[in-house]
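According to TrEMBL, the protein has these features:
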type	residues	note
BINDING	His3, His55, Asp154	Mn(2+) binding site
DOMAIN	1-63	domain 'Manganese/iron superoxide dismutase N-terminal'
DOMAIN	72-157	domain 'Manganese/iron superoxide dismutase C-terminal'
Amino acid sequence: EYHWGKHHRGYVDNLNNQIVGTELDGMSLEDIIILSYNKGDILPAFNNAAQTWNHDFFWESMKPGGGGKPFGDLLQLIERDFGSFEGFVEELRSAASTQFGSGWAWLAYKANRLDVGNAVNPRPSDEDKKLVIVKSPNAVNPLVWDYSPLLTIDVWEQ
């Protein structure tokens, strides 16, 4: 209740207050994150938008009793990209435990699209498409790199 009712609620309320009447007002949370990340030159709305999204994603990733070992296509991709499910778990654990300061550890899908200004390579090769584990400081998340997040671990000091 404390994490959800105080921290998360604060991010939502602060973001709503920051964007009212601006060009960000009415945009999707994902668009606000990408625009306010501003290629690393972070704008004021970024932290509240990204922390709101990160926590929404985190809460939706949980279920009573945990999820256990994946199956089907996801397990095949994990085995292909990490060698085994155990290798994946170890790499994710390592990313989470070595994140310096506050942040997140993520399993994400990387399509490896080339982004040069407004030119985008819409057809990456199959070798470029893979699962990756990344860690991110503070509110940063894989959306800013055009990765698709699949799982996260909150490694903020609580």
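Cβ atoms are placed via backbone N, Cα and C, with glycine included.
TrEMBL: automatically predicted annotations, no manual curation.
Fewest other C-beta atoms within 10 Å: among the binding-site residues His55, Asp154, that description fits Asp154. Restricting the average to the domain 'Manganese/iron superoxide dismutase C-terminal' (72-157) gives a pLDDT of 87.
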